[in-house]
Amino acid sequence: MATCLFLLGLFLLLPRPVPAPCYTATRSECKQKHKFVPGVWMAGEGMDVTTLRRSGSFPVNTQRFLRPDRTCTLCKNSLMRDATQRLPVAITHWRPHSSHCQRNVAAAKVHSTEGVAREAAANINNDWRVGLDVNPRPEANMRASVAGSHSKVANFAAEKTYQDQYNFNSDTVECRMYSFRLVQKPPLHLDFKKALRALPRNFNSSTEHAYHRLISSYGTHFITAVDLGGRISVLTALRTCQLTLNGLTADEVGDCLNVEAQVSIGAQASVSSEYKACEEKKKQHKMATSFHQTYRERHVEVLGGPLDSTHDLLFGNQATPEQFSTWTASLPSNPGLVDYSLEPLHTLLEEQNPKREALRQAISHYIMSRARWQNCSRPCRSGQHKSSHDSCQCECQDSKVTNQDCCPRQRGLAHLVVSNFRAEHLWGDYTTATDAYLKVFFGGQEFRTGVVWNNNNPRWTDKMDFENVLLSTGGPLRVQVWDADYGWDDDLLGSCDRSPHSGFHEVTCELNHGRVKFSYHAKCLPHLTGGTCLEYAPQGLLGDPPGNRSGAVW
């Protein structure tokens with residue numbers, strides 16, 4: 001008896017079972033005009049895996065909700081006050097999530113266009129390649145990117161990379177509201193059936209256009225399982241070398257962007273220690289505005305809610321905790337596609353249908369023709385070398401002048417070379433011709449030529465490499481002409497001072513007796529320009545704008 005009472009007590013302590021949200025409804029219930037569960041059309045919709053864009057066409061019929069016996073499945077939506085809603089026969093395992101939204105901004109650092117595409121494709125939960133011939137076998141020193149390679153965010157990153165040297169900072173907020181998936185053999189949409197019937201029996205060069213027309217309408221894959229809710233994704237492009245010249249790093253700016261995003265959605269107070277640290281950094285670097293206003297080259301995507309897809313809820317002018325709350329409150333009735341699983345379109349055909357294999361080949365061919373290739377054999381610029389960690393990346397030796405990203409550490413730096421020295425009509429001795437030599441000074445360095453004996457019109461073949469100097473503050477470029485005697489009593493015949501500027505210059509200086517001529521070449525370091533190399537100069541990748549394998553590469 002005591003044992004029974006003990007077991008009864010344990011049973012009463014157990015949590016009450018949560019009722020299943022969906023049930024089989026009677027015919028009379030099914031006749032009532034209930035709405036479908038939110039976002040139900042996204043499962044079964046087509047998608048192009050190279051662009052990650054939904055096609056807007058539906059190979060699967062997600063509108064049918066009545067079974068042959070006229071019953072249906074109805075669900076209680078706890079996120080919409082237990083509203084009763086229909087579930088199509090093509091959908092199963094529908095569940096609302098109780099966690100709603102967490103006010104947290106996830107941050108990530110990305111260093112290449114390929115990395116941006118990879119991040120975009122990370123929302124695919126399964127292996128989309130299964131059953132397709134899409135595993136690139138690139139030639140030596142080539143790297144392929146397929147999924148997401150033509151997505152909007154990857155195109156944004158590619159265009160930036162061809163303008164300048166960039167790092168990318170990603171800030172993301174996600175909310176998950178619902179999840180569901182297609183049944184094992186979902187009913188096909190009538191229009192898709194018609195499109196399949198119109199396809200030629202085989203895929204070859206003469207039928208390629210017909211198959212690609214279907215792919216352009218429906219995509220390469222269809223969505224089989226979804227997590228719906230909302231996502232705000234902001235990718236900020238940061239000019240790597242401009243940051244270095246401003247005394248900042250991409251990590252420092254990225255961290256402060258994340259702090260400002262946290263404040264904008266109410267996840268962090270503006271009195272937090274992190275926020276105060278970023279405010280102090282702004283003062284140190286004399287920034288007049290916020291980090292997100294200073295660094296505003298960005299790509300924004302907002303999924304879910306009634307707002308426009310480019311409305312920036314993290315860094316926009318109206319980005320406030322109240323605006324974020326309004327957006328999250330709209331997600332139960334207007335969810336977006338957060339995560340998903342994909343299957344190739346050809347798997348919807350019966351295995352014995354010969355067009356199944358033809359469509360598989362067509363999809364594989366289309367995807368591979370869209371692959372973007374990174375040319376890792378592309379030569380590095382002068383002074384750079386291939387990274388030991390990544391053969392596709394170039395880097396520099398860390399030094400006082402440049403960092404490992406090959407960025408100059410300060411403005412005004414140039415490589416200075418002085419050469420082509422000659423003099424005319426010198427007069428250094430009374431009884432013989434001049435025994436002339438030169439001294440050349442700049443930035444605390446001194447070079448000296450050899451003596452040209454007994455010649456009033458001497459030439460020197462010396463090439464004086466001052467290497468990397470501060471052009472604007474190194475002082476004048478000074479060339480002195482001397483007449484050699486015994487060393488202690490050498491005579492200074494004249495001096496020539498010039499303030500060097502970038503470019504190639506020929507100089508003629510008049511002396512008391514005769515003249516001296518020379519030339520100098522001052523080449524601004526990469527990412528610097530202007531007369532004294534004080535201005536910033538964007539410097540992108542070598543070659544043409546991004547394209548596919550038949551054109552340019554990343």
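Quick reminder: no glycine exception, Cβ is built from N, Cα and C everywhere.
With a cut-off of 8 Å between CB atoms and residues at least 6 apart in sequence, the same chain places Asp435, Asp483 near Asp429 (Ca(2+) 1 binding site), listed in sequence order. According to Swiss-Prot, the feature Ca(2+) 1 binding site maps to Gly428, Asp429, Asp483, Asp485, Asp491.
Taken from Swiss-Prot, the feature Ca(2+) 3 binding site applies to Asp429, Asp435, Asp483, Ala484, Asp485, supported by experimental evidence. Around Ala484 (Ca(2+) 3 binding site), the C-beta neighbours below 8 angstroms that are at least 6 residues distant in the chain are Asp435, Ala436, Tyr437, Val451, Asp490. DSSP gives Ala484 (Ca(2+) 3 binding site) a coil state; it is part of no helix or strand.
Proximity of Trp488 (Ca(2+) 5 binding site) to non-local residues of its own chain (separation of 6 or more, Cβ distance below 8 Å) is seen for none. The Ca(2+) 5 binding site annotation in Swiss-Prot covers Asp485, Trp488, Asp490.
Residues or ranges marked as domain 'MACPF' by Swiss-Prot on the basis of sequence analysis: 26-374.
Taken from Swiss-Prot, the feature domain 'C2' applies to 395-513.
Sequence-distant contacts (6 or more apart, same chain, Cβ under 8 Å) of Asn204 (N-linked glycosylation site) do not exist in this structure. Per Swiss-Prot, the feature N-linked glycosylation site maps to Asn204 (among others); the stated evidence is experimental evidence.
If you draw a 10 Å sphere around the CB of Asn375 (N-linked glycosylation site), it holds 17 other CB atoms from the protein chains shown. In the three-state DSSP reading, Asn375 (N-linked glycosylation site) counts as strand. Here Swiss-Prot flags Asn375 (among others) as N-linked glycosylation site, drawing on sequence analysis.
Per Swiss-Prot, the feature N-linked glycosylation site maps to Asn548 (among others).
Per Swiss-Prot, the feature signal peptide maps to 1-20; the stated evidence is experimental evidence.
Of all Cβ atoms in the shown protein chains, 13 besides its own fall within 10 Å of the Cβ of Arg213 (site 'Important for oligomerization'). Secondary structure at Arg213 (site 'Important for oligomerization'), as computed by DSSP, is helix. The annotation site 'Important for oligomerization' is assigned in Swiss-Prot to Arg213 (among others) on the grounds of experimental evidence.
According to Swiss-Prot, the feature site 'Important for oligomerization' maps to Glu343 (among others). Its Cβ placed at the centre, Glu343 (site 'Important for oligomerization') has 17 other Cβ atoms within 10 Å.
If you look up Swiss-Prot, you'll see 128-148 (among others) marked as transmembrane segment.
For 256-278 (among others), the entry in Swiss-Prot reads transmembrane segment. Beyond the ends of the transmembrane segment (256-278), by six or more residues, the same chain brings 103-105, 107, 169, 171, 173, 234, 236, 290-292, 295, 313-315, 319-321, 324-325 to within a C-beta distance below 8 angstroms of the stretch.
Cβ contacts within 10 Å of Gly428 (Ca(2+) 1 binding site), excluding its own Cβ and spanning all protein chains shown: 21. For the pair Asn375 (N-linked glycosylation site) and Arg213 (site 'Important for oligomerization'), the C-alpha distance works out to 30 angstrom. Counting every protein chain shown, the Cβ of Asp485 (Ca(2+) 1 binding site) has 12 other Cβ atoms within 10 Å. For the domain 'C2' (395-513), residue counts in helix, strand and coil come to 0 helix, 59 strand, 60 coil, using DSSP. In sequence order, Thr434, Asp435, Trp482, Ala484, Asp490, Leu493 are the residues of the same chain, not among Gly428, Asp429, Asp483, Asp485, Asp491, whose CB sits within 8 A of the CB centroid for the Ca(2+) 1 site. Cβ neighbour count within 10 Å across all protein chains ranks Asp483 highest among the binding-site residues Asp483, Asp490.
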